[in-house]
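Participant: Take a look at this one; I'll ask things after.
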């Protein structure tokens with residue numbers, strides 16, 4: 001039986017040290033056990049680890065040294081694109097000479113020749129640029145070429161990156177987007193299909209989503225207060241009418257990337273077929289006249305179909321043992337005509353499907 005006086009007597013030095021040691025061990029074991037359990041039940045843990053490794057690799061590639069990044073900035077850095085690895089230049093874009101000229105004057109020149117513009121607030125590069133127009137007309141290509149030519153770090157931001165199941169994490173990720181961009185400036189934050197992320201706000205929006213959007217716009221406004229900051233938010237959309245009016249205000253520089261006109265289609269066709277095996281008698285102006293309403297993406301797919309016709313014809317006319325690439329005939333005018341008809345039927349079928357859906361609604 002333990003006497004009552006045993007509890008009332010003071011502890012010896014060895015007993016105190018032993019108690020502290022046991023409590024320390026217990027606390028450490030408890031901490032790491034809880035941490036392991038939280039990591040085990042987190043379905044995104046593996047993706048976060050991979051994202052951190054990818055971010056560290058990209059930071060080395062772009063030559064960023066002695067820049068300390070937070071956990072959230074590392075998550076965003078995984079979406080960095082090294083300008084040197086962008087194999088897109090202005091020469092890869094045809095039919096948009098006016099847009100390219102304006103972009104060079106308003107965006108690229110103030111970044112590359114900063115010393116010429118530093119004394120004027122009016123001549124600073126815009127903090128927001130919107131590229132809008134029908135799908136398949138080169139909006140994303142223009143954004144990449146702009147970053148390449150300006151030598152900017154390119155953050156290809158996916159809206160899903162900013163969503164997190166834990167309350168408050170989305171706001172921290174939104175803050176990390178801008179803090180990372182500032183550390184890596186000059187930089188471009190590119191948001192493709194920006195209407196899906198920053199569309200018109202309504203009372204039906206989830207609280208976390210509304211707070212994240214508000215945080216994003218608040219940080220975006222902060223770029224305007226620092227006129228020496230070289231961070232640009234560039235968005236692309238084919239539904240500008242769905243964008244929140246507050247977002248439109250923050251993107252004063254807008255470029256309409258419309259479907260190519262006749263001369264633009266001819267220039268695009270020349271670019272697509274420049275290094276292909278094409279018959280010298282092919283009249284690209286005639287092809288351009290027959291492709292009214294085609295986007296740049298449609299023209300590329302049409303040319304691909306025409307080239308495949310030549311390959312299919314060769315494969316069907318020879319045995320497997322005698323295949324020789326040199327014997328494949330060049331693309332002729334008739335191949336392009338057949339590909340155009342196929343593309344028109346495909347577009348008409350898609351249009352009829354949309355009309356049927358609208359009528360049923």
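Glycine residues also receive a Cβ, built from the backbone N, Cα and C atoms like all the rest.
Note that this is a predicted model, so its numbers are computed, not measured.
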Participant: For which of the residue intervals 16-32, 33-49 does Swiss-Prot record transmembrane segment?
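Facilitator: The range carrying the transmembrane segment annotation in Swiss-Prot is 16-32.
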Participant: Would you list the other residues of this chain near ATP - those whose C-beta lies within 8 angstroms of the C-beta centroid of 133, 134, 135, 136, 137, 138, 139, 140 - in sequence order?
Facilitator: 131, 236, 238, 257, 295, 296, 297
Participant: Of these binding-site residues, 133, 134, 138, which scores lowest on Cβ atoms within 10 Å?
Facilitator: 134
Participant: What is the number of other Cβ atoms found within 10 Å of the Cβ of residue 137 (ATP binding site)?
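Facilitator: For residue 137 (ATP binding site), the count of other Cβ atoms within 10 Å is 26.
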Participant: Translate the DSSP assignment of residue 138 (ATP binding site) into the three-state scheme.
Facilitator: coil
Participant: Whose Cβ, among the binding-site residues 135, 136, has more other Cβ atoms within 10 Å than any of the rest?
Facilitator: 136
